[in-house]
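J.: Dumping the structure here so I can ask a few things about it.
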Amino acid sequence: MAGATTSQASLLLAKQLRDLMKNPVDGFSAGLVDDSNVFEWQVTIIGPPDTLYDGGYFNAIMTFPANYPNSPPTVRFTSEMWHPNVYPDGRVCISILHPPGEDPNGYELASERWTPVHTVESIVVSIISMLSSPNDESPANIDAAKEWRERRDDFKKKVRRLVRRSQEML
């Protein structure tokens, strides 16, 4: 049965990739890291306008499980990122990437967590939204959250440096 699940997942991912190629979405681009593996995507997110990340180019790897869309992918920035909802190792922490069902910590509603209706597009749009409005109530990067709350000017300087660096990498 696992093989059937994997082939369903790969068919769905191939379709989502084709759809994105035919109808690109503003704010990001996506493609496969390696053409032989539909379960690992390279995503470039363009910093949303009118945010601290405006004009930046941030690369991430999206890794899908064999049972996608029943379980969420993981998303990890490979570009340097300073944000309360991004772990120091680059992993993105937003509700829709958390496994479906009740939150064992009681922080999130089940309706805020992963559901199989999410697509690559809805995931990246959620990440873009996260860049626009950090959630410092439940941070993945405690130092970034603390700086966001207590020393906003330092936070802004650090992010501006990251944006400049990302532009120089092009």
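Every residue gets a Cβ built from N, Cα and C, even glycine.
According to TrEMBL, the feature active site, glycyl thioester intermediate maps to C93. Marked as domain 'UBC core' by TrEMBL: 8-168.
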J.: Using a 10 Å cut-off, grab the number of neighbouring Cβ atoms around the Cβ of the residue listed as 'active site, glycyl thioester intermediate', all chains included.
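T.: Around the residue listed as 'active site, glycyl thioester intermediate', other Cβ atoms within 10 Å: 18.
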J.: So what's the mean pLDDT when you look at the domain 'UBC core' (8-168)?
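T.: Reported value for the domain 'UBC core' (8-168) is a mean pLDDT of 94.
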